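Participant: Here it is: the structure, laid out below.
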């Protein structure tokens with residue numbers, strides 16, 4: 001009795017399994033066809049059951065490992081939060097938005113358009129970093145050149161300052177030497193000028209005396225004009241010469257000086273000695289014969 005019951009149960013289970021097998025086999029072609037044709041409007045990863053966030057995190061980890069092996073690689077940026085990425089897969093944004101990590105391994109199943117966009121964005125980022133690096137290098141180079149230029153300018157300024165100082169010293173020495181020579185020459189000229197002045201004074205005095213002797217009767221105003229003197233200066237000069245016994249004569253009340261030579265004075269003295277006592281009238285009458293009042297030039301012309 002128990003054996004028959006067990007056989008019946010086993011048979012029922014076998015029938016159920018066969019039924020399920022045939023039903024599953026019948027539905028398999030439809031599922032395969034549906035899997036071969038992706039649904040429109042649904043992301044490929046969603047259809048394949050691959051989580052997008054997990055794929056991005058895995059790519060970032062791959063990129064970090066790649067940067068650790070590259071000595072010149074730029075320091076990796078922190079992984080962007082998954083919430084910052086558009087759930088629909090649109091990663092377009094400004095430059096401050098999420099960036100594709102350098103060296104990230106792109107999913108082979110990613111669309112060609114999105115792959116190209118991400119590669120272009122990565123290339124742009126690398127180019128920007130290179131530009132920043134070049135700019136920093138250029139700034140360093142310019143700063144170095146500016147420091148060298150300033151140092152050279154300081155050296156040139158110091159050389160110029162020393163040159164100007166040397167020229168100033170040489171100029172001062174030259175001027176001092178010239179001044180000393182000038183003082184020596186001036187002293188020499190002063191001595192010579194004093195000698196010339198004395199000679200000129202002697203010559204002028206001789207001319208003054210000779211003029212009086214030649215003219216015999218001299219109008220004092222004419223004498224002063226001839227020798228560029230004032231009348232009073234001419235009178236004083238005559239008085240000085242008379243005091244020195246250089247010339248002899250008298251100044252009358254008409255402003256004339258009458259010159260009397262030594263020979264004429266001797267003749268007058270002889271006349272008075274011969275006559276004994278002589279009146280002024282007799283002396284005046286005889287003076288025309290004793291004293292020659294004719295100018296020397298006129299007497300020479302008459303001869």
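Every residue gets a Cβ built from N, Cα and C, even glycine.
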Participant: With the ranges 31-53, 54-76 to choose from, which does Swiss-Prot describe as region 'Disordered'?
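Facilitator: Result: 31-53 is the stretch Swiss-Prot calls region 'Disordered'.
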Participant: To which of the residue ranges 3-23, 87-107 does Swiss-Prot assign the term transmembrane segment?
Facilitator: 3-23
Participant: Which residue counts does DSSP yield for the compositional bias 'Basic and acidic residues' (106-160) in the helix, strand and coil classes, in that order?
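Facilitator: For that range the per-state counts are 49 helix, 0 strand, 6 coil.
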